[in-house]
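> Residues annotated as transmembrane segment in TrEMBL: A:61-83, A:103-121, A:156-177, A:183-204, A:216-237, A:270-295, A:307-328, A:340-360, A:366-386, A:393-414, A:475-499, A:519-538 (among others). Taken from TrEMBL, the feature domain 'NADH:quinone oxidoreductase/Mrp antiporter transmembrane' covers A:180-484.
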Amino acid sequence: MTASATVHSLWTTAAGDGFKIPAPHIEYAQLSPVLIVFGAAVLGVLADAFLPRRSRYGAQLLISVAGLVGAFGAVLVLASNGYATDKAHLAAMGAVAVDGPALFLQGTIVLVSLVAVFTFAERRLEPKTDGARTDAFTAQGSAVPGSEQEKAATKAGFTTTEVFPLTLFAVGGMMIFPAAADLLTLFVALEVFSLPLYLLCALARRRRMLSQEAAVKYFLLGAFSSAFLLFGIALLYGYAGTVSFGGIADVVSGTAPMTPALAETAGNDALLLIGGAMVLMGLLFKVGAVPFHAWTPDVYQGAPTPVTGFMAAATKVAAFGALLRLLYVALPGLRWDWRPVLWGVAILTMVVGAIVAVTQTDVKRLLAYSSIAHAGFILAGVVATTPDGISSVMFYLAAYSFVTLGAFAVVTLVRDAGGEATHLSRWAGLGRRSPLVAAVFAVFLLAFAGIPLTSGFAGKFAVFKAAADGGATPLVIVGVLSSAVAAFFYIRVIVLMFFSDPSPEGPTVAVPSPLTTTAIAFGVVTTVVLGILPQYFLDLADKASVFVR
Amino acid sequence: MENLIGALVAAPLLGAAVLLLGGKALDRIGHWLGTLLAGTSFVIGLILFADMLGRSGEHRAISTTLYSWVPVNSFQADVSFQLDQLSMTFVLLITGVGTLIHLYSVGYMEHDERRRRFFGYLNLFLAAMLLLVVADNYLLLYVGWEGVGLASYLLIGFWQHKPSAATAAKKAFIVNRVGDVGLSIAIMLMFTTFGTFAFTPVLASADKASEGTLTGIGLMLLLAACGKSAQVPLQSWLGDAMEGPTPVSALIHAATMVTAGVYLITRSGPIFNLAPDAQTAVVVVGTVTLLFGAIVGCAKDDIKKALAGSTMSQIGYMVLAAGLGPIGYVFAIMHLVTHGFFKAGLFLGAGSVMHGMNDEVDMRKYGALRKYMPITFVTFGLGYLAIIGFPGLSGYFSKDKIIEAAFAKGGTEGWIIGSCALLGAAITAFYMTRVMLMTFFGEKRWQPAPDADAAPSAEPAAEGHAAGEMPHPHESPWSMTVPMIVLAFGSVFAGFLFNLNDSFLKWLEPVTGHKEGDSPLSATTVTATTVTVMVIGVAVAWLVYGRKPVPVVAPKGSLLTRAARRDLLQDDFNHVAFVQTGSYLTRGLVYLDLKGVDGLVNGTAATVGGLSSRMRRLQNGYVRSYAVSMFGGAAVLVAATLLMRAVA
């Protein structure tokens, strides 16, 4: 049979009577966490469309919080019903995994998002306009910065309540991302959470040009990396003839039933290796690993600070989850190829992040580079290729994301006439003026630096231990040395806050509403609890560390 | 009876605690309380002594364990005491002389505002010294050893407002640390060698250890002894220690503490007996020191420093005797006891003279005092006769025995050390006669009391003499003269009593062991020679200081005299050898720290900082650059993955 005849016969067979496309079988209950969030997002869009302007804020906050709390509840129910362990399986025709890592990371993402939504909803920090309280987001996203229209919108006290549904969409995408069990779902999830984030980045109330520039950069580079990812997916499909992680793994290991078509491609390792590397690159872009980190400082600085906190925390959790699943489920047969490469990436990421942070003068950029260095530390755990590696990475993500959220929430409080005072010199002597805020920030910085009795230490210890046990001792040494360099700039900020004289016209520390206070308090509590009693959570991560295939 | 040993130590310890913690309420009775508790300790000592005499020689030692101090697996340290004849001798000397000096101090320190504290320190010293001699293991001995060091430090620097006293205290403390390190190393060696540091097991199983180890332990013990007993090369602190009040010089720096080194060597006899090299070192140290101290004593015009040189020299005799082994141990201790009497007496006499002379210490400003201070003159004179070895007095018996034993060592070294000991005896006669003549004979060379500000080193005016006033020498009060009289009795009769029927030898032999050496010279020859050189020494001194007037301002003197005035350049030597070398060393280390370590640290920081500012320039804000870097990164990533496969 010639090739064209084959195509023809397929064509005719598909059109014949005996062939029917079966309706996909979807386990709605097991996908409920994601569905609740998406449902809430759709509801939010409707609310914004139909409710009067005055009542939108309250409705959106209610919908978001209810949706996220509901999703978290659903995660807990699924986990307690054993879906994290013995009932773990692939749902929705093998597209989405319902297993330990997926549920653990989804739970983390939902909780992080809930705290982030609190900071989004903060309306006490910006001055009132026309008697209406406003938030960190622009009055009207469509208004050109500096235009009459913008002034009018500002004067009218408009607010962009669309940020809530946008966030919920992003959260939904992030929840699917680490659960995606095939490459296409992975890609769709990536786009679902990336696009709302691009938008959110552009919505700052102050310094809108910077904000929009950041958003455009993020969008362009994100699109660029998505192209790589997609091309990688195509190559992998070309190699394995399937997009499912398990299927690819079978072909790589040679356990898949051999078909003539497969026999032709499966011998071509170049397809596999190049495709794998490109997919890897797409994910490394999202976690902000060197050399795909360049967007991080600019975007972190330009985006509205609550969005930065959300991105830095939740995106990282989602992206590392997807990375883990890809490497451990789809490409474990290839680990002798990707391990050395990831070694290099991890070392570069730790070193570059730590070193460049030393000379930063803007607190948001500093935290951006710090997040790059932390991505390197987490990569060290990813490289471990042991079950401990998985659980330690998940623990680290949980610990790190709350610290990050808390730190960015504190950044929103230190303000002067131009909005947030992010230049580090403005933070001098903050400890004398506002000891409590400075002390809280110091706690977060110590956690970033990995000082014992903070969650940062427990996480770093777990990750480095897993890496060392997994045979990556040199990586651990580089990690510890980078931590030493990193400790310098964290502690320098503490010294700056507590041991230098405040400037006479220094920034003021705004008193936030209970929303931000709750977010910060949550950050402090998790930092301390995970630091002092990490064992329960380590065990939890340990129990949830088995991927389903 | 065993329990009384604890009481022996506890009495003065209680006194120290009460006096030092008691506060000003005790100011009025503190000195009597301190004296009373010292006396109590002496009485307990006498009771124990009587009890001990009631038993036969082999069964005299008693011991008791108070409690387990450091029970750690195989490391067992107990607070336990042992009282044998050797310890008993020390107990009686310490408490007896100690009580007398407490009494003396009542008068001597009468006008000092901090008298209560002074007595507290004295009691502390007694407690520590008693602990040192009744401990039954080296670790507890070490506690006492450090305790006396502390008391000595506190008392030398008692007049801490005088910079010279504070410095002297510091010097004594630091020099003693060197010796203390020796003792601690010796104890560690014992523990690793024998698994214990109690006297009985260590000394009984000394023959099981290698000679090298024993020599090591012996040399470390010698180092300790050198520190505490002011032997060359750790002698430099004793002269300066005379900055302390005179009773302190008498008790601690003449009669008791400085002899602790002799006790240590004698106590550790079995170790030294099996380590001939260490013994030789002990003999050399003793011989060198006895000449060193004697020469220094000849040149000093300060009466206390002359006596300090003499103390050093006499302890040199004891160390020499202890280094001779079983032929010398008994005589070392015998000389130690007689020396305790006459040297304490001499110091108290010196204190009495100073008391009467507005605290003047320069003998060139004394003269003709025998008429004004008759009791002091007589008691001091008897002490003088005792120390030079005038026939029939204490020093005659004890020193003569040591010189005999030195010759009995045999061979060439016997001749050498015997001759040195004889030479030392001659010099002793010379410098002591010099002290005697300059102080009590000749013409009055008195000077107005020095201005308190101009001479800060002078002891505070004991009876409130105004500056510039001519001294009015007078006899001291009874509390000072009575101890001097009692000690004079000891100086006169102790030697004779000890030598009667070899009673001291028989008393101590069960503990230290004894054997007669075979001297190339007969005992009579040695005795005759000793007396002869003594007479020569006295005669020379009379020719120089008795026949013609003593100049008030010291003549320039020969090179040796000038060197001896500077303590034979001991401080200059230490300065060059240790202070300068040490400061060069520290400067070197500081330099290394600044340039090397800090340089490395700062260099790393600078490198990181420099790298940081260069690398942040890559972050130029242009999306196109970022995209290029991403593209490059992706290319490298792909290439690396492919390369890994190719390599593997």
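Glycine residues also receive a Cβ, built from the backbone N, Cα and C atoms like all the rest.
Can you tell me where each of these features sits in this structure?
With a threshold of 8 Å between CB atoms, the same-chain residues lying at least 6 positions outside the transmembrane segment (A:156-177) that come near it are 33-34, 37-38, 40-45, 47-48, 53, 56-57, 60-61, 63-64, 67-68, 71, 96, 106, 109-110, 113, 116-117, 120, 128-132, 134-135, 137-141, 185-186, 188-197, 199-200, 203, 307, 310, 314-315, 317-319, 321-322.
Residues 97, 101-102, 105, 108-109, 112-113, 116, 119-120, 136, 163, 167, 170-171, 173-175, 177-181, 186, 189-190, 193, 197, 200-201, 203, 245, 279-280, 283-284, 286-288, 299-301, 335, 338, 364, 367-368, 371, 375, 378, 382, 385, 390, 393-394, 397-398, 400-402, 404-405, 407-409, 547 of the same chain, all 6+ positions outside the transmembrane segment (A:307-328), place their C-beta atoms under 8 angstroms from a C-beta of that stretch.
Tertiary proximity for the transmembrane segment (A:340-360) is limited to same-chain residues at least six positions away from its ends with a CB under 8 Å from its CB atoms, namely 277, 280, 284, 289-291, 293, 297, 366, 369-377, 379-380, 382-383, 424, 472, 474-475, 478-479, 482-483, 485-486, 488-489.
Taking Cβ pairs closer than 8 Å, the transmembrane segment (A:519-538) reaches residues 115-116, 118-119, 391-392, 395, 398-399, 402-403, 405-407, 409-410, 440, 443-444, 447, 452-459, 462, 512 in its own chain, all 6 or more past its ends.
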> Out of A:183-204, A:270-295, A:475-499, which stretch has the largest tally of CB pairs under 8 angstroms to the transmembrane segment (A:216-237)?
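Of the candidates A:183-204, A:270-295, A:475-499, A:270-295 scores highest.
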> Which one of these stretches, A:61-83, A:103-121, A:270-295, A:366-386, A:475-499, has the most C-beta pairs shorter than 8 Å to the transmembrane segment (A:393-414)?
A:103-121
> Short question: most Cβ pairs under 8 Å with the transmembrane segment (A:61-83), which of A:103-121, A:270-295, A:475-499?
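The stretch with the most close Cβ contacts to the transmembrane segment (A:61-83) is A:103-121.
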> In the same chain, who gets a Cβ under 8 Å from the transmembrane segment (A:366-386) while lying at least 6 residues past its ends?
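Result: 287-290, 293, 296-297, 299-301, 308, 312, 316, 320, 323-324, 327-328, 332, 335, 339, 342-343, 345-354, 356-357, 360, 392-393, 396-397, 400, 404, 407-408, 411, 424, 448, 460, 462-464, 466-467, 469-470, 472, 475-476, 479, 482-483, 486, 489-490, 493.
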